[in-house]
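Features as listed in TrEMBL:
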type	residues	note
DOMAIN	79-147	domain 'Anoctamin dimerisation'
DOMAIN	150-717	domain 'Anoctamin transmembrane'
TRANSMEM	158-187	transmembrane segment
TRANSMEM	237-256	transmembrane segment
TRANSMEM	302-328	transmembrane segment
TRANSMEM	348-367	transmembrane segment
TRANSMEM	393-416	transmembrane segment
TRANSMEM	526-555	transmembrane segment
TRANSMEM	576-600	transmembrane segment
TRANSMEM	681-706	transmembrane segment
Amino acid sequence: QNEEWDFVLVSDIHEMGSEKEIKRKNFLEELKRKGFTIKKIEDTKLFYGIRAPQHIFWKYQCLLANPDSRHQNSRTSAQQDVPETTRIWVVHFILQNTVTSDLEKLHDLMKKKVFEAAFPLHKKEKITKILEKKWARWGVLFKEQPIDKIRDYFGEKVALYFAWLGWYTYLLIFAAVAGLATVAAGATVFSSSQVSKEICDANNTIMCPVCDQNCSFWILSDTCTYAKVTHMIDNEATVVFAMFMAIWATVFLELWKRERATVATSWDLYGWDEDKEELALQLIHNPQHTPRRYQHSYFRSTIVLILAVLMIMVLIGIAHALVIYRAVAMALFMQSEVNLLSKHADTIAVMTGAVLHYLTIIIMTKVRRHQGPWALLPFLEKPRTFSQGENNFTVKIFIFQFFTNFSSLIYIAFFLGRINGHPGHYVRIAGHWRLEECHPSGCITDLFIQMAVIMLLKQTISNIMEYLIPWISHQLRKKKKRPKKRSMMLGEEEEAEDPCKEQWLKNYELNEVDVFSLFNEYLEIVIQYSFTTIFVAAFPLAPLLALINNVIEIHMDAIKMMRLRRRMVPKKAKDIGIWLQVLEAIGTLAVIGNGLVIAITSDFIPVQVYKYMYSPCAKQNHTSMDCSTGYINNSLSVFHIRDFEPHTKVQPEFNGVQIKEYRDYRNADDYTYTIQFWHIFAARLAFLILFEHVALFVKLIAAWYIPDVPQKVKNEILGGKHNHLCKKL
């Protein structure tokens, strides 16, 4: 006989008459009183199959019958079978809200170890076969996902996540192509760029030492390759690409809104109301239920704000620690006996700094997973419904993760080399270590290296771990559970095995899922979306990496959900919730971030100012020569060795020579800023304002040009309303 069970509760075998056993009995009695059927199977644990009475679902259908629905022909439709996802969701709600005589809910009983687990079952049905064949395997990487089937098995919330992820991945193709084109355009000027040519030819430009002890002066042409790489990333094409990505982010969101409207309508959920759903479930469970009121307390909000600011301070503190690490590492590598280390000290310091940053990201993510600091928040905020609590949580965790991921990048992009003083008057950490400087060809390569290291590590190591950990723990759980059962069977001949036992055990051995399983998937992709849009001007390959990652991610998540994890409790949803606002915020940050990268980090503006105001072209109207000729010499300032700080050791061979160069716009006699510095400063500000306004204007036009809801959907809803009113008439 194949009985259908909605949920399974698992508990340890407790002693007769113990407190836990009494609590368990009370809870099950309470369920029986509500008309639930309960079936007990004993193995190494106790398994309770739970089936809800039919009248609960009839009530649910009557209360939430949608008058505009396209599926309602006559009264009989109320007696139809409820879809399985709805059954599980209703039963889950009632289980979570059933109160025993000791005023304890299932949640409290699980904390006290009365029950160990509660989960719906993965069923062996036609639909699971289709999903395994068309979705949860590696062979179908580039095929379309069966979104409707996912919805029928995992509910709308999960299906919308995959619909969104698929749509984002599809649109990343265009961004990736644009990024590759930018890099290709950069590669064509790899050796022909005038600025890097000048650096490569500067055989007699002697530069100030990079550290205080042990570092000698160096010749500018030594850094020829570095300059070439910088100009491969930092050229005119980058500006166009940054502009393109700002528009892309908007178009992506606008098109997603259309896609969502189409999907929600086809599922008959366009006008679905979450509050109504929750109230209906509460009334089915307890007819005397009174709804919780909306409330807002400014005092609580203030405390939450203060806590959030403190968290951000801690994260910025971590970014400072990384800055100090790089300054100290640079000094130590420079003094190292190993030739390789001392020669490439700056690059190695940047690389190891990036790896360290990646490690802090992982550690902070682990901290975030622990309920510790976040356990206070629900008490402070008292969210009215579950989804409101989830939204508040989402925003806070996103801000936390955002600062964890970006604080160090923000420093490299906007502060590195701007706050370190000048020779003879360096800014020092604890009066000892000098802050790092930028290379004469600009700071953008540092940002490029940092982004590349973090993205590659996040996508390789983190993804492998994300798949391996559930897989290994699943294998271990299997090993742990099986042998006992075998010995029991050999010892005494049991009567025929219960057909449910095997299936329940198999489901129990899978990894558990919690409320935040889907949340973690979203968070990972949204942080990745920030990397692909915010500093993309410095790392045009980001969309390509994201594209490769997502194609794998979709199927990895599918395999995890189908084979390695217990079944998620299906939930209804008509959109991706608060994540849409988060994505819109990232879109605005992307415009600001890329504008700042081009205005401040990149050498684009100084070169343009030089071309049009200081170059030979501007002075003598030479049209034949390259206008940026002489730029490097112009961007370096002169320094007299006698002005060095006392504890800087000068190598003896340079004692006679008086003049050295460093990258800045300062006067030779009193080291104040030259007029050109202020020209460039003004040009940077002007460019920033212009870029942001143009980009935001284009974003607004794109948002207006692409309607959020397709006409087809609007007409369908209109027709439904019209038919409903006609029937009433």
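Each residue's number is its place along the chain shown, starting with 1.
Every residue gets a Cβ built from N, Cα and C, even glycine.
Just so you know, TrEMBL annotations are computer predictions that nobody has curated.
Panel annotation: around the transmembrane segment (302-328), residues 349-350, 353, 356-357, 360, 364, 373, 376-377, 380-381, 396, 399-400, 403-404, 407-408, 410-411, 429, 433-436 of the same chain, lying at least six beyond its termini, place a Cβ under 8 Å from a Cβ of the stretch. Taking Cβ pairs closer than 8 Å, the transmembrane segment (158-187) reaches residues 144-145, 147-148, 150-151, 231-233, 235, 237-238, 240-241, 244-245, 248, 251-252, 255-256, 259-260, 263, 518, 521-522, 525, 529, 532, 536, 540-544, 546-547, 550-551, 553-554, 557-558, 561, 568, 570-571, 573, 575-576 in its own chain, all 6 or more past its ends. Residues of the same chain lying 6 or more positions beyond the ends of the transmembrane segment (393-416) and with a Cβ under 8 Å from any Cβ of it are 308, 311-312, 315-316, 318-319, 322-323, 353, 357, 360-361, 364-365, 368, 374, 377, 436, 438, 443, 446-447, 450-451, 454, 519, 523, 526-527, 530-531, 534-535, 538, 577-579, 582, 596-597, 600-601. Across all of the domain 'Anoctamin dimerisation' (79-147), the predicted model scores a mean pLDDT of 88. Helix, strand and coil counts from DSSP across the domain 'Anoctamin dimerisation' (79-147) read 34 helix, 3 strand, 32 coil.
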